[in-house]
Every structure is written in C-alpha cells, then in structure tokens.
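Everything on this sheet refers to the single structure shown next.
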Amino acid sequence: MCTYRWVAGFCITVLPSIHSSEILFFNSAIPVVVGIRYCLDVIFLLNIISRFYIGYESNGVVIIDSKPVQRKYLRTWFIMDLLAVLPFETLRYASPELHFMHINRCLRVLRLFDIISSFGKEPDTNKIHVAVLNSFSIVVLSVQVSACAWYNQVCIAAHGGHPRECPKEENWLQLLPEFSTNLTGVTDLELYATSLYWSAITLCSVGYGDIHAMKIPEVMVASLVMVLGLFAFIGVIATGMSSIISNLDARRGRFCHRMESICLYMKQMGLPEEVQTWVHKYYYYLWTHRKGSVIAGLLDDLPFALHSEISSACYKPLMKKTTLFHNTEDGFKRALSLKFNTYTYSPGQILAKPGEINQNAYYIEHGVVQVHLNILFNEIARTAQKRLHNVKHPIREAFALGVASNPQNVVFQKDLSVNLLPRDQKIFTLFMEYLANQSHNSVWMTTIRPDGIFAQKWEVFMFWCITISIFIETWVLFFTNNLDTKGFYNEGWGVFYLTISSLVDVFAIIDIFVNLRTEVFTKDGYQADIMGIFGNYRKSWNLYYDVLAVVPLDFFSFTTSGEAHWRVLGYVRWNRLIWIRKVCLFFDKKENDMDKNLFELRTAKCLFLLIFSVHCCSGVMYLTGCKDFRCDEESWAWNTGLKASHSNLYHYMISVYWTTTSMTTIGYGDIVPSTMKERLTAVFVCFIGLFVFNYIISQVYATLASQNAARVTFQNLLSAMTNFMESHDLSVSLQTRVTEYMSLLWSKYKGQAYPGGQFLMHDLPIELQQIVLMKERGRFLSKIPYFEQAGQAFIRDLASTSVMYFFPRGEIIQYSETITRELFCIRRGTCQILSDDLSEIVGLYGEGMYFGEAGFLFGKQATMTVRAKTHCEILVIDFDKIKSVLERYPVIESQITELQSTPEYYDTLLRSVEEIMKSEEQDDDTLKKKDASLTYQGRRYAKKSKCYIEDFGNFPIYAGAEEETVEEKLLKLSKTKRIPPTTRYFFFRSCPSVYIMGAILPSNPLYIRWECFRFVLAITVSINSSLLFAFLHYKKELWILSYILGLFCWIDMYIRLHVAFYKDNLKVDTLETAKHYVKTSFLIDLISCFPWEVIGWMVVSPFDENGFYSNSEALHLYAYLRAPHLLQLYRIPLAFSFWQSGIATEKTIVTFAKFFLYCVLFLHFSTCIVFAIVCPPADLFGDTTNYLLPMVKHNCSSQSWVYHMDYTFNVVYETATFTELYCISLYFATATLSGVGYGDIHPYLTSMKITMVFIMVSGALYCGYVAGTFAAMLANADATRAAFTEKKESIQLFLKSQNITGHLYHNTVNFYAFKWIRTKGIDQDTLFEYLPSSLLGDISTIIYSDLIAKAFGLDIKRKQRRNSVAQHLSPLERTLSGKLDGPFFHKILRKESVDQLETDGGFIRLLARQIRPCLYRANDLICKRNDFGSEMYFIEKGEVEVLSQDELTVIIKLNAGQYFGEGSLLFAEPRATTIRAATNCDLYVLSKKSLDETVKYYPDICKQIKKAAETKREHFYGLHHLYMSYLFRPSDIKLYRTCMAEEENKAKFKDFPFHVRIKTSITQFLISFLLNVIRIHNTTINPESTVRVVYQYTSCLLIIILFWAITYMPSVFNLDRGIFLLTMIIEYIQMIEIILKFHICFYDESGSYISDYRSVSLSYMTRKVGYIYDVICSFPYAFTILHLMNQVSPATFLPIIVYVRTFHLLRILTVLVFMHKEEQSIITNLLAIRIIKYLVHAILFVHCTAVLFLLFALHGGFNSWVVNTEVFYLPDIYTYSVYWTLATYTTTGYGDIRAVTYRELLFSVLIMILSKMQVSYNMGLLSSTQTNKQSLQVAYEEKLQAVQNYMMDENIPSALQNRVIRFYNYRWTRTKGIDSEELFKDTPHCMKVEIFSSGEQCILFGIHAEMRSLLGEYINRRGDSGRGMLLILIGKVKLCSWRTGKEAIEYLTTGAALGVDLLLKSKLCRYTAIADNYVDIFFLSKEHFEEVGSYYPDVMNKLLKRASNVINMY
C-alpha cells in the first residue's frame, strides 16, 4: 500500500513538471516556475532511488529480490529517468543559444503513461479514476504542446536576458486587433492564454475561425494539431471512455437480458403471478445487494487454507449458537464451514413442508422465519417471511404474509377459527385482539413502501420539481443579476419566481418527512422501523444534503433593498443546486431498477445532462461578458449586438445558441470571444461539450452492446452450425430444420438456456426452483398414470429432473427404432404419428398425452415416429435421471420395477402400437422390409404425410414438410365462412381487391410484397411533401403525384382492416382484425393520409383567374398543411424492426441499410427546414408578384442567410433555380449536422438560431447514436475473437512463466492459431448441444454413418459426398500400425449380432450421436505408444503417420476414410504405436464411454464385447513382450546400410587415378554448389518471422509513399527530381519484392501451413492479387516512352513519364489486402493493426480529397476556393488543400477556406458525409477493440468486487479482506485469473502431456489443480483434512509443527513435495505450511491419483510398494 501511494503521488507530480517545462517556451526567466521545476526534480530523484527497491512482474512471476530488481531497473527505465532529471540547462552558461536544454524534463511523460498503464492493469484499482487521470494527462499535454508550437510560429520566447521577439509579418497575431496594433504592451500571460485558446478550440474541433493560419508554416502546424486532436481526443479519450463505460455496464446488461428472458419464459409458461413475483423479488434482491453474483461457489478459487479462514469467519457466530458443534476441533469446524451454502428466500416463500424427504439443516443468518401450526393452513410449514428482523413488533412481522408489510393489509377470513382445536382457537383469538389493539397506534407509525404507487409517483413528482427549480435558480442568477436588468422583478416575473420557488421549497420539506417514513431496502429486507429508517437516512448523508438544500438563506437578502435585494436573493438561493445530487441519485436508482427500460432511462439521463450542460455553460459564457453591466463594450455580447434594451429571454437564447455551436463543435464563428477571460471560458465550454457528447456516445454504445450481446453470440453459434453443415454437404432441408429450431429456441430462452442444459433459473434457491417447476409441470406430471398415486414430494423431485423441449411445426420428435430412456409428455400442442417410412399419418397425440413408454420403462426401441403438427412443448422425463429420485421413494420404485419385469405389459404395448400403425391400404413400396440393408434410395415426397424424405430403406430421414397454403391455414383458423375461390385477394396477384371478406395472413407472400411497396411509398410521400412545403410548392406535377400516392395510402388502410394478428393465437375474424387496427394504428394512418389542404381551401380558394391550383402562395399554404403526411415515416422503424426480428437474419446489413436511409432522410429534411424557416409563405392578400427568388416563387425574410448568398456564393437571385438553392441549403445543413460549421453560412434571425440549436443538438445526438451503434455491433461481432485471443495470451503467459520456450512454445501457440482459422473460436464439441436428440441424430447419422459402417463392418451404403479412394492395408501394415485385422465387430460378435445391427437404424443413430470432431495440426502427436487411451479416431481429412518404436521412421500413412485406435476403444489397452498427423487433419473421435452408453441397450452384444475384452486383457501382457521381440527397427537397418555404402564408396575412390579424382571432386563441388543454389532458391520465409513482418510493413509504407508521390507530382505540375528518384527506387524495390513473394509461406483456408517452395510459388502465381497483378503494377512503363526522349524537350518529357506511371497506383490495393489479412489473423495485435489501418485509410482519404480539391482550383481559377488564400504556387495550394481537408475531416472547419462554386459545394457535402462516416466507424472499431481486449480483466474485476462486497456484508476482519484481495491481485498477475486445468482443456492430449512434463520442473500430469500463495499465507494448517500432495513449482515454504506457525522446523524450496503420504491414505495434516515468499504449487488429489493409477496397474503396484516405507516414516 505504501508503494502504491508513493507511485500515485509521484504520478501527480510528473504532470506539473512537464507543464512547467513547456511554459518556458513562452518565458524561461520566470523565477517561480524555475523554482517549482527544481523542487519537482528533487521529487523525481527520490523516485529514481525508490525504483531500486520496488519489485516487478516478469511473465506473471512477482520478483521482489533486491538484485534482480536493481538489474531490471538499470536495464530499462534508469537511463530515461536519469536523462529526464539532469540539469542540461547549465550548458547555456557556456553557450547562450542553448536556452532550450531544459526540454529534457518532457521525457517524464513516458514515465507518466507507464505509471497510468500499470494502474490500469491492477484488478483492484478504480478504472474510472485511472481513465480520468489518463484523459486529463492527454488533454493537458496536447493543449500545452499545441499552444507552444502555435506560439513559436510568431514569437521567440524571452530567455537569458533576451526579450521576447515577435517579427512584424503576416501571421495569426494580425487577426487580433488588440495584438496587431500594440504587441509590445501584450503580456506573456495574454499570449499564453491566446495560444491555449487556439490550441483548445482546434483540438476540440470547434474552430471558430477568428484565429487561423495565415502562412504555410502555420498551415502545417494547424494541420498537425488537428490530427493530434483527432487521434488524442477521439482516438484515445473518446474510445477509452466508451470502453470503460461499456465494460462497467456489461454485467448489468447481462443480468438485465437474463431477467427479461426469465420474465418472458414465466409468462409464456403461464406461471401464477405470485410465483412470478417471488422470482422477480429474488432477482431484484440479488442485483441490488450482490450485483447478480451468487454466493455459492464464489470463493472456490481461493486456496484451501484461506478459503476455510473466510468461511470460518463468516459462520463463526453460527457455530457458537449451534450446540451440535460445541467442543469440536478447529480443523473440523474449518472443514465444515466450507460445506455451508448461503441462500436467499423471498417473503412468502415456503422452505419445507411436512412429509417431505429433506436432508438439509437450515440456519437463519438474516431475517425472520415463521412456523405455521395447524391454525391457518392445516400443515406445518416454515416460511421465509421477511428479511427484516424487527424486534419491536415480532408478532405482527411474524404473521405478515407475502407482499403485505403490515398486518392491516392482510385479509383474514372470518371462518378461519372454525373447527380449530381449543388451544389453537385461543391463540388465534389472542392474535386478532392484538391486531385490533395495534391498529390504534398505526397512524403515526405507518411507513411507506418504496415500491408502492405513492412512493414512485412522489419520487417522479419531486424530480420534476427540483429540476425546474435548478433551472430557474441558475437562470435567475446568470441572466438577471446585473445592474442593467430592470423590470424583471417589478413586472410580475419576480412574484412568479418567488411563488414557484416557495412551492418547491415546501415540497422539498415534505419530501424530507416522506423519506423519514419510507422503508429502506436492505439485505434483511424492507426496514420498517422508524429509528432504523432515520439512521439509514442519516448515515447515507442524504438527510444533511436535503436539509442544507432547503435552509432559508433568503433571509440574508433582506439586509439590502431595491435591485440589490433581488441580486442578493439570486446568490443566496444557490444552495438549491445541491439538488443536482438528488437528480443524479434518481437516475442511478432508476437504472438499477430491473423493471425499467434501460435505453429509455439513459436517453432521458443523457438529454438532461445535455440540456443542463448547455444551460449552465450558457450562463457562464454570458457572465463573462455581462456580469456587472448589461454587456461590456469589449465583450462578445456587445460585438454580437446584444443591447440593454433586449429582453432577458433574448439574451438567454443568444447565449444558448453560442454555447450550442461550441459544445457541438460546429463553431460558425459568427460569435467569438473577445477578451482573455471569455477565451478561457470558451475553452472550458468546448471541453465540457467534448466530454458530454463522448459520454452520450459511450452510454449508447454500452446500452446497445449489452442488449445485443446475447443475440450476436447466438447468431454466431447458428452461423457456425450452418457452416459446419455446409462443409459436410448436408441438404438445405436439414439446414432449414436447424434454423427453425434455433429460432424457436431463441424466442423461448433468448440464448440464456437450452433444453438439456442448465435450467434457466438455475441460481434460484432449491426450494424456489421446485416451486417454479411444480407450478409449471406439477399438475401435468401428476396426471400421468405412472405417477398418479405418487405424492406431491415425488412429483416435485420428478419435476426437477424433467426437461422441457420446444419443437417447431413439422419437426420430428422421435423416430421409430431409436433407443432412448425418455418419456415424452405433450404439455402443449398436437403431434402426428407417422408410419415407419414417414409416408402416412396414422394418428394424433394431443395435450396431456404421452409416448415413448417402450424406451422409458424397458430400454427398448421406440415403436413409432412422432412429428409435431403444431408448435409443441414436450416435457421429457429421462429414466436414468430419475433413478436417484426413485431411490428416495422405495414404494414407487418397487411399483415401476414390477412393471418393468412384467413382459405382458410390453407385449400389450407392442400390440396396441401395431393396431395403430395398421393401414387400410398399403402399397408395395411402403412395406417395411426388416431384412433389407440400409442403402440410400434417394429423396422422395410422401403425399399423405406431406413431407419430403431421404430414404435409406429401413432408415428414413425427415427432410422437411410442405408449407401449408394460405387457404389451408384460413380453413383451419377462420371462424367465418370462406369467400368463393373465384374471388382473388389482390389485383393481378399483387394488389388488393375492391372487396375482401376474409382475413389476410401476415405471412402471405403477396401481403409482404405489399408492405415492402408501402415502405417505399412512405419514403416517397415524405420526400414529396417536404419538397412541396420547402421548395416546389408551385410544381403541379408533384401535386398530382401526391394525390396518386395518397390513393395507395387509402387502399393500404383498407387492406390493414383485414390483416390477421396474433393475440395468444392467430386472429382471423375480419371483425376482430378491424377492431385491432382501429385500436392500434388507424388514427396515425388517418392523420398521415388525410388531404389536409381541404382546410386551406376554406381560407383560400384553389381557383383563381388562371385556373385550378394556379395561385402559388395558396399552394404554399396547402403544402404546409400537408406536413402531417410526414407521419407516414413511422412505418420505417417498424419495417426495420421486423426485418431484424428473426434470429437467422443478418442484422449487420440491415442496420447499415437502416442508418444509410436515416442519414439520407435526416439530411433532406434538415435541408428543407433551413430553407423553409427563412422563406415562409408570403402575405396571401398582399402583393405576391415581386419575388426575391422568382424562379421558385419565394420571398425570404430580410437579414436571413438567403439574403447573403449573393456575395457568399455569387448567386443571382433572379436566375436562382431549385437545384442551386437545394445545393446551398444541403451544404448548410450538412455543415451543421456533421459539426463542421465553416461559418460562411450561419443564421442571422433569432427564429433561425433557435431552429439551428435544435438541428445542431439533433445532429450531434444522431451522430453519437450512429457511432455508438456501430461500436456496439463491432464489439459484439469481435467478442468471440477477443475471448479466444485472451485465452491464447493466457496460454503464452503460462508457458513463459514455466520457462517453456522453443519448439513446444511455438507449436502450442500455432495450434491455437490453426484452431482459430478452422473454428473461429466455436467449440466443436458443444456445437450442436442445443439440438434435440432426433435432429442431432439426423445430422450425425448422415455425417458419420459411412465411418461407422466401415469401422464396425456393417453393410451400409450411402451417397458419397466426395471422391475418396479406399486404402487397403496389408496384414504386416495392420500389425505395425497396431490395428485389428479387419472390422472389429466381425471379430468379436457373432454373425447374427452383426446382421441385427445392419438392419437396425437405431444403433446407427445412437452411436453417431456420440462421435465428436477434433482437429490436429501437421506434425502434432495424436497418440503416443504405451499411453493409456480409450478413444478411436476416424480420419475425415488429411493423413496420419504411424511411427516406429523409436519414433524416427514412418511405417505407414493412413488416409481419409481410415481409422485407428479400435483396440483402445474395445479393450482399454495402451496404445500400440505412436501416431502423428502428417498434414492438418480433421478427425472424429469415439470414446469407450460413448460406445458403452450405446451398446448397453443391446445386452447380448454388450456381453460379447466384454467377453472379448477380458480375453484380450488376459493374453495382452504375455504376448506384448513376444510381439515386441519380432518387431524390427527400420531406422537402425537404414542407418547401417547407409554407413556401409559410404565406407565402400570411400574405398573405391582412393583407387582411382589422380586426374579422375580431381575431376570427380570438381564435379562433386559443382553439383554441391548447384544443389546449394537450388536449396537457397527453394528456401521459404516463415510468415511469422520478424524479417517478414518488417519487410511487408516497410513495403506498405513505400507503396503509400509511391502512391502519394505519383498523384502529387502531376497535381501540382511540379516534377521534383528528388521525389522522382525516390519513386524510381521504390519501383525497383517492388520488382525485387515480387521475387520475395515467391518464397513467403502462408496458411490456406483450412489452416494448413504451406511451406514448400512449389506450393508457395504456385499459390502466388494463381492468386487474384498475386503475380500477374504485381507485374502489372510494377512494370517499368517509363521504358515504353524512352524513344520520345530525343523528340521532345526535357520539360515536356518528364511530365509524360509521371503520367505513364499512374498504373503503379493500383499497387495500393495490395496494402489494403495485406491490412485485411493482418486484421483477420489471430496472432497479431488487433488494436495495433486497426490503428495502423485507420492511419492508412485516413492518409489516403485526406490525400485523395486534397488532390481532388486542388483540381477544382485548377479548373476554376480565380472563381474557386483558392481566391480566399491568395496563394498561386501549386505546391502551396496543395498544402492549403490538405489543410482544408483536415479541417473538414476533423470537423474543425475554420472557414478561412471554403467552397465557392456549386461543384465545390457538392464536393464539400460528400467529403463531410464520408469523413463523418469514416471517423464514426473507426471510432467504433477502436472502442470495440479496447472493450473486448479488457473483457477478461473486467470479468475478473466483477468477481473481485463481488468477493469484496460479500466480505464486507459478512463483517470479515479487514486484515483478512486485505489478504484475499492480495491473493486475487497476485492471481491476476500470474495467470490472468484462469486455472491451468481450464486453460488447456481443449489442447490435444499429447501436447498437454508434453507441456506439463516440461519447464523448470516435471509436473505430474493427470487431473490437477494449481494453487498460488502469497508471502505469509497459510498453505495448510495442522489438523486440517489432508487432501493430496503439494508440489512446489516456484518459491519457498516454511513447515511448522504448531498450528499458528510460530516455529519453523524445515524449509522446502522449488521441486520439493509435501504430503506424499496423503496420496495413499486419508488423514489429517501433520504440519502447518506457510509461504515464505510468492509460491506456486501444483496440487494432486488422492482421487485423481487413484484414477490415473487405475490405467497403469503395474506402475501403481510399484508405487504402493515404495510408498509403504513413506507411510511407516509418518
């Protein structure tokens, strides 16, 4: 803690040090600043000294030894810190020109951000504080550096006695009158403030334009500052804020989504309201007090000793009160405390009932439990009444029920005492008398429930009261308290103000008393005690704040009189602003309410924050210019035109307008600050706006990300399923079935659960879970004949084991001949019984019926195929699961056992099924052939069952049902007569008929087409109406179009009267549909379709002397009356909501389309508004012949922006057309909405300013909403990748911490990179776990039936999905590869058994469901010789190698279609050989456990397999040695033959003549040389090598430079020889690069690493962006014009070369492709890649835009934007183009350079839109990347916070809490919070063994757990239960004989083992073990040791013999 505080203090001092150093850019002779600098130097020196003693972390290991710490610091930060503190400024005494040497202090900024980064990595630090510190540092540094750079453009700072020098030339100082006239009188502080002002408004992208660049150097500095602002403020601060807020909100989002899913589920299942209330209250309590964390299992990851200490401290009071545990040993109590589980119960919930079998003991920790005697309920029950322990009213609280908090609210029946025993009747009478007596005193003691209606309404009422008061008080103070304000208080407004204020004060006082009577929700429930409420109110400080806010300080105002009295009154009432805290608490409380709509609440909060910020900032801005007098003459207000004669409201509106332009970064520049005070205030307002809007964006991002996270995760799973099925060539019908089922599952569970998994409400207390399940399933289960006589206790336990499945219409629930122990009970829906071949429907099952008895009771094959006719809810009871339940009920168990042992029942069942399945007519094709093999017979359609079937003879697979027609659906659902079939629904099959009697289904394809047409119609109507009232009211063509479109609208209203709707079920009665339409959207449709211009006809006749609709002013009025037609746009969000409702819909594309349309409409309507607001309809009865704009017949308001177009854009009013006006209006609207605000067009009229305020705010909010939505989409899309990346990084950290490097390290990392390429982070083992058994069986059977048939020797043929060649192995190859000599079922089963399986489709289905896919990289070991194995592998893709005994020689290769490991599968024998993947392999795995699960339903086959296994095991060990002796070692023989051949060749060579030997030697040398050349030529480059990374990134940089140079030189008509030479060099480098690309390895689509030269070069040659493309891009086109060199002049020839080389620009595509590939790679730093990608895109965008903008200047000449710059040198014009582009891109928009022509206007509009889109997208991209990068740490911090809250609630001693927090901090540093067992869960077995047998110590591998202990922590205590052996990996352990650990008897270090004897015998620990420093320990339990030993009995026997001596020692 001391170290932490020292580092924090040092961090705070670094920033002023840097700040003071940079101030010296202005004046280095300020003594105070110099003194502060040297004081900070001393502090920094102390920090340097301290760093020699502060430990560090290396690969997760904390190093605290002094020598390593000192060496580490000397190698890293010491030199930098030393340079940052050395007084280099002393050199100026020797050389005065070195006055800038103090700049070395700025190096401390590196240390600053290093410290901030280290803070962020600690899990127990407040991330908000860290983010604030980081943002503050960035802001201060950016502003300061930018101000210094800007100042140095005009002045040289004073230094060493030299005064300040500011040359008089054209610069930015000349723009300020106070500086340009008398610069010598300007102080350094004023210059500093002015530079800070420009720096801040530029960094914030406001850019008023009052100060801007005047020369090229200033332009370059301004461009750099704009880029700095974009990346520092937007790229770092905004994205960092978004990620922090999103991560903080992630837990709430998950919990809120889960609550919504639970509420939806309970509503769909029809649970009683009482049960729903209990569940809701429990989760509300869980969130309020635990933030959704469940206590059970929360501390399981703590070490045993520390966990037991926490548990002992928690339950110590309980142990003392329980007499059962008195005088027991401490070790026993510690072990027992770990077994306690904490549960929370809601009021009214039943814990136990009489007659129930319950083995739990309940101990009440909080609350009161009531025991009901035989008084009220005729049973004994203990009910958790309330969590509140009210000692004053025990009887009242004990008898209060459920939601009733007071006895008077409980309704008792008068006849409750009837038939009671005398004793019970007396008790009941006394209780009623007690209630009667208590009622007299209940008025004063009455409390208010916070969830009551009164409390909620009062809270909302007070919110509005104090909000109004806050706004009024601030407005009065800011805008009425100056000397010139007269008449406000004596004209009635003062009385109104005092009346409102007094009423609010009264309500606030009443609110205090209400709070003193409002119950408080605590962990014990609602606290109703008055003194307890007062204590809580006081401790929360709310009482003091509320009282202080209403203290009547108004009395002080009576000390003065007159105007001064009112001024003082405004000041003294500022204590009301304390209510701002109350507003914040209101929003926080509502956000934590799970019943509220989070998006609506946060929208309201953001609006309040925005409005209040604008309001307050407006007041502050106003006070800077109008504090003492009504607008000072030098203030901004005076310059704007504000006078004393203007009203206060007018002043307020102008201030709000200026503040809004500043906060939204628009900054027109029509209002600018004039004094230093105003400029600093403007800077403050700009920063407030920056953070407010960033906060709003962050809130939108966090809310949408949390809302859509579960949906995106579910969609990713569905997408992975689809990709898997497509890769295995599964039919479209099967894919459709999966999609439909998953869609149904999403509608039921919202991705929070699935059938067969955890129950949706699994974290409810057991009793409450049982209540929920009983209410949902109890009554239904009790009606099943097998359980009718069972009691409620059995039904309750049975309901807990049952599973609810949901099936869509047409889905198969059960196939005949399948084997399952499940009983299917139909809770809702109707099912069809199909014939075995699925061709006929032979019966129906309805609600309450059941099937599957054959499998459930007897374990036999299913007797029938059942399909869902409608959507069905099927309750499934698994017999294997209820076995444990039956054991507790022996009577029921005996009855079922008797039933199972009676064969007559099964025979009767079969006979009844046969009767059902008999058909009156049977065709020969549908006869079932029991003896036929399962041969694929194609796809067919069954007319009777209306379904498609993939036929395999006896094994049909359902392939989808035919969709019912509209007529069929209506015939089944309609209650009215059907219309004749001759009547059509629509004209020509697409339009509605004149008269429709029947209902239209919403799913009707024709109706869907009509809705799409209506969607387009709504957009067309809205655009047409807006054009009419804004521009084109005189166009009769548009009026005709309007009436035609209106006709379609009325037709749509008629159609919607007949559209069916869902309300519990589909309603098709036309009367009901009409009523539903009238109640819902009829009114808005009527308003939006009604021709409102008919009202205008009453005022002005549409007829005049020129005819109908010839009066343009009347038409303008009619156009305004048609404005309600814009309401038709409500159809657009409804349409997009419908398109995004389906879980299978690709939401991203729809979202992008939605926002694109919204942007277009928003821009269009804003364009119309900005023109229409200043050009309203003229006087209808005046002179309408003289128009300002005669071409469009408009008269505009004087002094409006339209009146300034003539000199702004050279508009000629007499000839201005609609296109020109719309273009200028669009330019104005776009500049406003995008936040650019050049200022060339700005509002002049007050009404226009007010309108623009709303447009500016709307634009900023909409842009924020779009950016937040994009960020949320990208974050959810990248969530899977982020989780996988974090896991990979954790694995890398673990490997490094264990010193595992080299081949094993890279092999492990590459495996996960390969796995990402193949699976994209989706676990293949659990991919289809959501599917029901029937659907999963169909998928598995189609995929795996070939493999099963081949391996097991079954005669099954399927259609082949791919061409494969069978591989035949010789007997020797089979022996060497450890394979059996043929299909193994033929070897171990009798022929009749094999024949049975060949005709049994159920066996194939059952076995296929057990097979799982797995992946292996090339050269990965699949299994190792002599390792234990129980799996069999099938090769789907790739090749595997069978290795020799020495693993050096490949004996044989097995290809796709082969299998291996069958011996281990059948006989559980060790692996016979080592098998390695030769290429990347897709394998399928079948384990022995899965095979046993399958064959157990075939008793005869199971016996034969067991018998063969026993025979094999008996002979295995005897034959093993004999078998090994006959095996030869091919590698030894090969080596021997090679050596002998070499010796023979050497002997022959010596006998040759000398010249022959010389010739031979030369020949051999040349051959060797050529071979080496070929080898070097064929050498390939690893894509992950540093050389490749540096080369390709350098190449990208060179390509970008080339792109810039080639486009720059022709643009400026300047052929710079240096640039030209550089481009030529780059071109030659690119030619060399083509050669290198032939040698760069790559990963193909399957993840295979391609490294051989032939394949690499061939791939490069055939790629789209490969060799041919590179040749085209790199071809030396300049050589093609060399013949012109002598024909033209050099001045002409060189530009020709430049233009010819434009083909090289295509090379930029390779950069974009490379960036995309790098972004997709899992091994790259995603955040860094995306930052680089953003930089590349931004550079290219800015450059290309600048070049295009330059072309406008070239073509326009003086009639273009360049006229504003007065620069005519083309390179300088290019610089100004870049400057304008950056000002637009960053939305700074100074306005010094602006568009002039219409082409430039449209180009500016396009650039503004594209810039905003690119910045928003990239901001979202970076935000999402940072959010996902921190997701693992956030989850860990959430858990740590839950642990801390739990310990505080349980009053755990602070010392113990600190120990726990220290442990979690160390655990995060060490392993990122992930256990190694979980970390390597999906790692291949052999690789995992190799990892855990490598490193510093050989780790025992099996099933293990890893522990970590800190310095001084107990590892175990003497007397604790021994659990296993501890192996010390890192650190030192002290052994003590006493439990307290005082005396050390021994020290154990790395490699030592502790508790070896505990592996062999369960006993207590003999010693206390304490960590002497940071210790890592691997733990091996006795159970896991015995499990591993069971696989190796020989080894286990040896170990037991060795261990006998060890046990004797102890």
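Backbone N, Cα and C define each Cβ position, glycine as well.
Unlike curated records, TrEMBL annotations are generated automatically.
Quick look at what TrEMBL lists:
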DOMAIN    324-371  domain 'Cyclic nucleotide-binding'
DOMAIN    786-886  domain 'Cyclic nucleotide-binding'
DOMAIN    1407-1495  domain 'Cyclic nucleotide-binding'
DOMAIN    1879-1988  domain 'Cyclic nucleotide-binding'
TRANSMEM  460-480  transmembrane segment
TRANSMEM  492-514  transmembrane segment
TRANSMEM  606-625  transmembrane segment
TRANSMEM  649-668  transmembrane segment
TRANSMEM  985-1003  transmembrane segment
TRANSMEM  1015-1034  transmembrane segment
TRANSMEM  1554-1574  transmembrane segment
TRANSMEM  1618-1636  transmembrane segment
TRANSMEM  1667-1685  transmembrane segment
TRANSMEM  1691-1714  transmembrane segment
TRANSMEM  1773-1790  transmembrane segment
TRANSMEM  1802-1822  transmembrane segment
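Of the Cβ pairs linking the transmembrane segment (492-514) with the transmembrane segment (460-480) and spaced 6 or more residues apart, 3 or more are under 8 Å, so the two regions touch.
The transmembrane segment (649-668) and the transmembrane segment (606-625) are in contact, since at least 3 Cβ pairs between them lie under 8 Å (pairs 6 or more apart in sequence). For the transmembrane segment (1773-1790), same-chain residues at least 6 beyond its ends with a Cβ under 8 Å from one of its own Cβ atoms are 202, 205-209, 212-213, 216, 219-220, 222-223, 226-227, 229-230, 665-667, 669, 1231, 1234-1239, 1608, 1611-1612, 1738, 1741-1743, 1745-1747, 1749-1750, 1753, 1761-1762, 1765, 1767, 1804, 1807-1808, 1811-1812, 1815. DSSP places the residues of the domain 'Cyclic nucleotide-binding' (786-886) in helix, strand and coil in these numbers: 26 helix, 39 strand, 36 coil. Here the domain 'Cyclic nucleotide-binding' (324-371) has a mean pLDDT of 71 out of 100. Tertiary proximity for the transmembrane segment (1667-1685) is limited to same-chain residues at least six positions away from its ends with a CB under 8 Å from its CB atoms, namely 1627, 1630-1631, 1633-1634, 1637-1638, 1660-1661, 1693, 1696-1697, 1700-1701, 1703-1704, 1706-1707, 1709-1710. If one looks beyond the transmembrane segment (1618-1636) by at least 6 residues along the same chain, the residues whose Cβ comes under 8 Å of a Cβ in the stretch are 1581, 1591, 1595, 1598-1599, 1601-1602, 1605-1606, 1608-1609, 1667, 1670-1671, 1673-1674, 1676, 1694, 1697-1698, 1701, 1704, 1707. Beyond its flanks by at least six residues, the transmembrane segment (1691-1714) meets 1592, 1596, 1599-1600, 1602-1603, 1606-1607, 1609-1610, 1613, 1615, 1620, 1623, 1627, 1630, 1665, 1669-1670, 1672-1675, 1677-1678, 1680-1681, 1684-1685, 1736, 1740 of its own chain at Cβ-Cβ distances under 8 Å. With a threshold of 8 Å between CB atoms, the same-chain residues lying at least 6 positions outside the transmembrane segment (606-625) that come near it are 467, 470-471, 474-475, 477-479, 583, 587, 631-632, 635-638, 651-652, 655-656, 658-660, 662-663, 673-675, 677-678, 681-682, 684-685, 688-689, 692-693, 695-696, 699-700, 1257, 1261.
Residues 1041-1042, 1045-1046, 1048-1049, 1052, 1112, 1115-1116, 1118-1120, 1122-1123, 1125-1126, 1128-1129, 1131-1132, 1135, 1157, 1161, 1164-1165, 1167-1169, 1171-1172, 1192-1193, 1218, 1221-1222 of the same chain sit 6 or more residues outside the transmembrane segment (1015-1034) yet have a Cβ under 8 Å from a Cβ within it. Remote same-chain residues near the transmembrane segment (1802-1822) are listed as 230, 234-235, 238-239, 242, 697, 701, 1159, 1163, 1223, 1226-1227, 1230-1231, 1234-1236, 1263, 1266-1274, 1727, 1730-1731, 1734, 1737-1738, 1741, 1745, 1748-1749, 1752, 1781, 1784-1785, 1787, 1794-1795 (criterion: CB distance under 8 Å, separation of at least six residues from the stretch ends). For the domain 'Cyclic nucleotide-binding' (1407-1495), the number of residues in each DSSP class (helix H, G, I; strand E, B; coil) is 16 helix, 37 strand, 36 coil.
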